[in-house]
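This report refers to the structure that appears directly beneath it.
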Amino acid sequence: MKPSIYSLTRDELIEWAVERGQKQFRATQIWDWLYKKRVQSFEEMTNISKDFVSILNDSFCVNPLKQRVVQESADGTVKYLFELPDGMLIETVLMRQHYGHSVCVTTQVGCNIGCTFCASGLIKKQRDLNSGEITAQIMLVQKYFDDRKQGERVSHVVVMGIGEPFDNYKNVMCFLRVINDDNGLAIGARHITVSTSGLAHKIRDFANEGVQVNLAVSLHAPNNDLRSSIMRVNRSFPLEKLFSAIEYYIEKTNRRVTFEYIMLNEVNDSIKQAQELADLTKTIRKLSYVNLIPYNPVSEHDQYSRSPKERVLAFYDVLKKNGVNCVVRQEHGTDIDAACGQLRSKTMKKDREKVTATK
């Protein structure tokens, strides 16, 4: 199976081309065709010799993904189900915001983190995506915009889809460098957010990268007992380790950390728990932000339900009174399979039923 050329950073592409007897500018031309003209085949690169196009075709594919399902919401949210070269399925979401167009990308096939409320973890991790497969998600959404010919572009990226990004650290970092490259898609680092469930050692590594990319942490509970019961990762990285790493990140980068907090009815949404959360984040209040997220129910996790609006607002009020920077997240795509992993899970179930029916 040939790798996608999207797996290479610009420097790596230059090195690869020079090793094959090409001038550096040839790699720059190829990069422009990929990320500025956004061609889908090497044959479309009209200023590249046929001999070198043949070498490119022997070495790489361009976009490795195949579109399986597209769902479009009344609010303009678009959910894509893509098939990988090995037949596995991943999800990508386009969200139209007042500030631009944001894309949520997947980094793994399945997830091993084991959050008990999440659709993504219904199927255990089968493999990491390579950086080309992650970048290809952005390129296909941008192609959707290009085909519409309305001058739209992907302006923001959130690495919050299926999988734990920091469990696929090397490929995620390569992806970030490709989409941030000023000579390509040029998506600003401060318009990119990577979300982790709390791999403390990788948060420290991320702090040392020197990138201006935003960091979000999936917190979802204000104490170790509750967090360990709903997020298995907390047993390896309890709040003490997690917050030590977060404090290191803030000290090293002077950048704000966003805490994601899904509101689960009568699980983590009490007034007492709101006060615990305010106390937990007290020492980093100036450089932290809490995002309260309405829960998208998942049929396989029917022990959980969405917090009623009045409980969310009461929780929010406690945080605000304690000086916590916080917001209730705007919902997108509520009329489609909005929860991360739902569309993939449903499609895989249908595929299995078709196979069974033909036997």
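Just so you know, glycine gets a Cβ as well, placed from its N, Cα and C.
Quick caveat, the model's predicted, so the values are computed rather than measured.
Here Swiss-Prot flags GLU91 as active site, proton acceptor, drawing on sequence analysis. Under the heading domain 'Radical SAM core', Swiss-Prot lists 97-329, citing sequence analysis as support. If you look up Swiss-Prot, you'll see CYS104-CYS340 marked as disulfide bond. Look at Swiss-Prot and you will find CYS111, CYS115, CYS118 tagged as [4Fe-4S] cluster binding site, backed by sequence analysis. Among the features that Swiss-Prot reports, S-adenosyl-L-methionine binding site is placed at GLY163, GLU164, SER195, SER218, LEU219, HIS220, ASN296, with the record citing sequence analysis. What Swiss-Prot lists as active site, S-methylcysteine intermediate is CYS340, and the listing cites sequence analysis.
Sequence features annotated in Swiss-Prot and their locations in the structure.
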residue: GLU91; record: active site, proton acceptor; Cβ neighbours (10 Å): 26
residue: CYS104; record: disulfide bond; Cβ neighbours (10 Å): 24
residue: CYS115; record: [4Fe-4S] cluster binding site; Cβ neighbours (10 Å): 20
residue: CYS118; record: [4Fe-4S] cluster binding site; Cβ neighbours (10 Å): 25
residue: GLY163; record: S-adenosyl-L-methionine binding site; Cβ neighbours (10 Å): 29
residue: GLU164; record: S-adenosyl-L-methionine binding site; Cβ neighbours (10 Å): 26
residue: SER195; record: S-adenosyl-L-methionine binding site; Cβ neighbours (10 Å): 19
residue: SER218; record: S-adenosyl-L-methionine binding site; Cβ neighbours (10 Å): 22
residue: HIS220; record: S-adenosyl-L-methionine binding site; Cβ neighbours (10 Å): 24
residue: ASN296; record: S-adenosyl-L-methionine binding site; Cβ neighbours (10 Å): 18
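Model confidence over the domain 'Radical SAM core' (97-329) stands at 97, taken as the mean pLDDT rounded to a whole number.
There are 27 other CB atoms within 10 A of the CB of LEU219 (S-adenosyl-L-methionine binding site), with all protein chains counted. When the binding-site residues GLU164, SER195, HIS220, ASN296 are compared by Cα distance to CYS111 ([4Fe-4S] cluster binding site), the shortest distance belongs to GLU164. Annotated pair LEU219 (S-adenosyl-L-methionine binding site) and CYS118 ([4Fe-4S] cluster binding site), C-alpha to C-alpha distance, rounded: 13 Å.
For CYS104 (disulfide bond), the nearest of the binding-site residues by C-alpha distance turns out to be GLY163; the candidates were CYS118, GLY163, SER218, HIS220. Across the structure, SER218 (S-adenosyl-L-methionine binding site) and CYS115 ([4Fe-4S] cluster binding site) place their CA atoms 10 angstrom apart. When the alpha carbons of SER195 (S-adenosyl-L-methionine binding site) and CYS118 ([4Fe-4S] cluster binding site) are compared, the span between them is 15 angstrom.
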